[in-house]
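Copied over from Swiss-Prot:
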| type | residues | note |
| --- | --- | --- |
| BINDING | 8, 9, 10, 11, 12, 13, 14, 15 | GTP binding site |
């Protein structure tokens, strides 16, 4: 089972990305999802209503505190959810774990996630990639979402591209508009090539 952590600031499009990935990949792969919210299970409920996956393949973890603690310093609740999900589905191939909304320093405990996708959105401004932080610099894949909003918020995608290359070196990043499925195929191709080790 490959575990992919998806993290990023509130509203960046983490849940939309996971919903789109499950919709496009669950027919070919044995998949499940774990979501994290501080005080609710809202993201899990959204997934249950909007995903093609049955409810038993989605677990919502209510962290009750700082979102990055639940995925990094004390990942015990999430590790228990991973164990529970693996018990339910022993042949699970791909488990997507969504963090609660957090800042640019969010990273996953290596026991919890084999790969990390960090999601930011253009509406936060074109300066976000150059601000760095572990989410930007260390994630396996950086997704820059909501590119359709760039002209409305004064964000320059060329600046974001330049700064992403500078901050990430050889590590990949993908521009997306998840709602319109733009860039989604590139994210799926990255997952298949890097996480699932397909050609």
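Backbone N, Cα and C atoms are what each Cβ position is placed from, and that goes for glycine too.
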Task: Mapped DSSP class for residue 14 (GTP binding site), helix or strand or coil - done: helix
Task: Cβ neighbours of residue 14 (GTP binding site) where a neighbour is any other Cβ within 10 Å - done: 29
Open item on the list: My understanding is the cutoff is Cβ-Cβ under 8 Å with a sequence separation of 6 or more in the same chain; which residues meet that for residue 11 (GTP binding site)?
Closed with: 101, 121, 123
TODO: Among the binding-site residues listed here (8, 9, 13), identify the one with the smallest other-Cβ count within 10 Å.
DONE: 9
TODO: Determine, from DSSP, whether residue 9 (GTP binding site) sits in helix, strand or coil.
DONE: coil
Open item on the list: Quick check: with 8, 9, 10, 11, 12, 13, 14, 15 left out, which same-chain residues have Cβ atoms within 8 Å of the centroid of the GTP site Cβ atoms?
Closed with: 101, 119, 121, 145
Task: CB contacts for residue 15 (GTP binding site) [other CB atoms within 10 A, all chains] - done: 24
Task: Number of Cβ atoms other than its own within 10 Å, given for residue 12 (GTP binding site) - done: 26
- [ ] List the residues of the same chain that sit at least 6 positions away from residue 10 (GTP binding site) in sequence and have their Cβ under 8 Å from its Cβ, in sequence order, or write 'none'.
- [x] 101, 102
